[in-house]
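Novice: This is the structure, below, for whatever I ask next.
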Amino acid sequence: MKTYLILATLALIFSAMLTNICAVAFEQPKYCTEAPGDGKCPGEVRPAISTANWTFSKSFGGCVAHRWGSCGNHSNVFPKCLSCMTTCDPENATTYCDGWN
């Protein structure tokens, strides 16, 4: 009986340890919630050259297509939906971006 109690206790402890190891929370980078801007170069009314990129939108709940000029450096601008979602919401990345890359 003592052996059974000891084994049951060890099993519970081991189970709790595995739960803590597997439950590491994802911490979204702060730049995922920053406004992306438009990438205009100084003196431009609008970007002369712009490309379709992706930016994470907290209010939308995922990444959205975004026109980005060639100037400025911004971390919340990604070349593909999958790279945007993998960085900012990895749990939903593959299903959210299905067909967009």
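Placed from the backbone N, Cα and C atoms, the Cβ positions cover glycine too.
The disulfide bond feature in Swiss-Prot is assigned to Cys32-Cys88, Cys41-Cys71, Cys63-Cys84. Annotation source Swiss-Prot lists domain 'BPTI/Kunitz inhibitor' at 32-88. Annotation comment: Swiss-Prot describes Asn53, Asn73, Asn92 as N-linked glycosylation site. Residues or ranges marked as signal peptide by Swiss-Prot: 1-23.
Situate these features within the shown structure.
Specialist: Residues within less than 8 Å, Cβ to Cβ, of Cys88 (disulfide bond) and separated from it by at least 6 positions along the same chain comprise Gln28, Pro29, Cys32, Phe56, Cys63, Asn76. In the three-state DSSP scheme, Cys88 (disulfide bond) is classed as helix.
Cβ neighbour count for Cys71 (disulfide bond): 15 (other Cβ atoms within 10 Å of its Cβ, all protein chains included).
In the three-state DSSP scheme, Cys63 (disulfide bond) is classed as strand.
Summarised as a single figure, the pLDDT of the domain 'BPTI/Kunitz inhibitor' (32-88) averages 84.
Under 8 Å, Cβ to Cβ, and six or more positions away along its own chain, Asn53 (N-linked glycosylation site) finds Ala65, His66, Arg67, Trp68, Val77, Phe78, Pro79.
Counting only same-chain residues six or more apart in sequence, the Cβ atoms lying under 8 angstroms from the Cβ of Asn92 (N-linked glycosylation site) belong to Gly62, Met85.
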Novice: Cα distance, Cys84 (disulfide bond) to Cys41 (disulfide bond), nearest Å?
Specialist: 23
Novice: Near Cys84 (disulfide bond), how many other Cβ atoms are within 10 Å of its Cβ?
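Specialist: 28, counting other Cβ atoms within 10 Å of Cys84 (disulfide bond).
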Novice: By the count of other Cβ atoms within 10 Å, pick out the sparsest of the disulfide-bonded residues Cys32, Cys41, Cys63.
Specialist: Cys41
Novice: Specify the secondary structure state of Cys71 (disulfide bond) as given by DSSP, simplified to three classes.
Specialist: coil
